[in-house]
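As given in TrEMBL:
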BINDING   GLY69, GLN70, THR71, GLY72, SER73, GLY74, LYS75, THR76  ATP binding site
COMPBIAS  156-174  compositional bias 'Polar residues'
DOMAIN    1-203  domain 'Kinesin motor'
REGION    150-203  region 'Disordered'
Amino acid sequence: MQVCARLRPCTVGSENSDVTIPQIEEKAQADVVFGPDVVQEAVIEGVLEPQLQRFLLEPGFSAIVLAYGQTGSGKTHTIFGPPGVLTEHEYNASGGRPLSWGFFPYAAITMLQSLHHRGLSKRAQLKVTAVEIYLEKMFDLLNNRQSVPVPGASVRASSSRPDNETITYDSNGKWQPPQKWLGTKVLPGSSTGTAKEGRQRWR
């Protein structure tokens, strides 16, 4: 896994940050840090291209690119591109390699081109999913942000839940999840007690 950090330029009227790239590399344990002056093309070539080429050339290789950050940090800019660039003109002007686009449309175009060059465009099937996870809910970005149900998302560690009335530990004293999460399998060397006993044990 590779961790990359990208700094967005400061907005008009805001103060410049004193944080340096070496500090971010150390604090976030990032493998690569892109400064605020780095253009979209350089980020795509440095991060996406190597994974994309390996995905296209090595059968069975999987690649995931995850954009993570607070609201307004530039995730949409990196993944989909700046406003107004997803046009046919931009595609033709780039000679079919629109590096001004974001990761998502650029990867889709690259894969379609690769399938076409290999004569596989009529046999291959390309499925696309774009979701946003916000406040523990998932939304389909290709369907007007419709809510997407997530199996198991309703599982919460709330003290008011019936399956949290008892707690289970293994022979080493390590807490075990409720049986609702584990099924009916009984773990060897486990012991059970009330939640009150458990709180007293860990005080």
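Just so it is clear, glycine is given a Cβ too, placed from its N, Cα and C backbone atoms.
Computed from a predicted structure; not experimentally measured.
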Neighbour count (Cβ, 10 Å) for THR76 (ATP binding site): 17
For the binding-site residues GLY69, GLY72, GLY74, the one whose C-beta sees the most other C-beta atoms within 10 angstroms: GLY74
Nonlocal residues around THR71 (ATP binding site), in sequence order (Cβ under 8 Å, 6 or more apart): none
Of GLN70, SER73 (the binding-site residues), the residue whose Cβ has the fewest other Cβ atoms within 10 Å: GLN70
Other C-beta atoms that fall within 10 angstroms of the C-beta of LYS75 (ATP binding site): 18
GLY69, GLN70, THR71, GLY72, SER73, GLY74, LYS75, THR76 excluded, remaining Cβ within 8 Å of their centroid (ATP): ARG8
Averaged pLDDT, computed only over the residues in the domain 'Kinesin motor' (1-203): 77
